[in-house]
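Listed features, source TrEMBL:
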TRANSMEM  18-37  transmembrane segment
TRANSMEM  57-76  transmembrane segment
TRANSMEM  97-117  transmembrane segment
TRANSMEM  148-168  transmembrane segment
TRANSMEM  188-214  transmembrane segment
TRANSMEM  234-255  transmembrane segment
TRANSMEM  267-287  transmembrane segment
TRANSMEM  324-342  transmembrane segment
TRANSMEM  354-381  transmembrane segment
Amino acid sequence: MSENDTIPKKSTSQINKAVFFTSALLIFLLVAFAAVFPDVADKNFKLLQQQIFTNASWFYILAVALILLSVTFLGLSRYGDIKLGPDHAQPDFSYHSWFAMLFSAGMGIGLMFFGVAEPVMHYLSPPVGTPETVAAAKEAMRLTFFHWGLHAWAIYAIVALILAFFSYRHGLPLTLRSALYPIIGDRIYGPVGHAVDIFAVIGTVFGVATSLGYGVLQVNAGLNHLFGVPINETVQVILIVVITGLATISVVSGLDKGIRILSELNLGLALLLLALVLCLGPTVLLLKSFVENTGGYLSELVSKTFNLYAYEPKSSNWLGGWTLLYWGWWLSWSPFVGMFIARVSRGRTIREFVTGVLFVPAGFTLMWMTVFGNSAIYLIMNQGPQTSPILFSRMCRWPCLISWSISRSLLCCHSLQWRWSSSSL
């Protein structure tokens, strides 16, 4: 198949009934099972998860490592000059809008939830070594970088790259089944292709539900801290309804208006929040920490990529609860995020795509984790873990940090609205 061949595709203007109804039925059955038999569902899901982590951890590690190597190779090799679209195609969005949508697609609410939580948890309870030491602080940041850095973005990038290449370069449908065309040909339009798309739909629905759950808790906590709004299920249901309504408006407005504007606003709030914490915290220490954290992360990238704690069995549970869980999370999100990134990347070269989807967002994520994670660790190292809530409460009485709290709550809302909107496209 040559680069400019166009493969005839079947009409995708109507809903694929086989995919839609099968996905809806499976999702309904899973939700009903969990709702009617919560204890049994919890036990069985945990057992399945444990079996996967115990017996397939090596496969997860190798697969993600291969993905990162493949994406990097494609970006740096001669294939990097190939355009995602016809040779004359031009990008649909400016760099600013493109980066804003990439940031919102890739991480969003996760950075808000884990930006402080993960570094602190690794510092207080590292997989190996002594907790609450300088060595534990350094390792905490390296592990956080590892989980949120290049590997995560590579998983999104490989899916988006495959979809964009086959859709915009060869005229195939912009669905996950198109990735299998070189292997099974026109059978992508049959049961095998349907199964792939059903898997993608289920992953998207439960992935969005997970992020929505995390995000609503964050927004509810922020409103409680700022305005005394109670933390309960009623408030959280109202928040879900409001955010869903706003997301619906965004979807109706379309990709160029609704989603683009929402993404730019989301990125603007994130930069404002990042600047506030950086300027109001131990600024010089945070900048020095970023340089040192990045160096430590890059120097241990290979060893951490392939570390299964085979010689440290006591740490194997930690691996399953953190690294493997993250790899599974990113993989489950990749059909939705990859499809969205592909939609907004038409007209870019593969090299430009890899730079924009892999390296730039990863760099921003590492800076974010340093500013928020190291700030939290700095407080704990100097005041003790039990004083953090008290210090936060006192600081938020200052006018400048009230702005911080408001920005944080708004960013959570916009991140959730963006997730809901883009997953509906």
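Cβ atoms here come from the backbone N, Cα and C positions, even for glycine.
Here the listed stretches are 148-168, 188-214, 354-381, and the one with the most C-beta pairs under 8 angstroms to the transmembrane segment (18-37) is 188-214. Three or more CB pairs closer than 8 A are found between the transmembrane segment (57-76) and the transmembrane segment (324-342), so contact between the two stretches is assigned (pairs 6 or more residues apart). Note on the transmembrane segment (324-342): residues 52-53, 57, 60-61, 63-64, 84, 101-102, 105-106, 147, 151-152, 155-164, 167-168, 174-176, 199-201, 203-204, 206-208, 210, 357, 422-423, 425 of its chain, located 6 or more positions outside it, place their CB under 8 angstroms from a CB of the stretch. By the count of Cβ pairs under 8 Å, the stretch nearest in packing to the transmembrane segment (97-117) among 148-168, 188-214, 267-287, 354-381 is 354-381. The stretch from 148-168, 188-214, 354-381 that makes the most Cβ contacts under 8 Å with the transmembrane segment (267-287) is 354-381.
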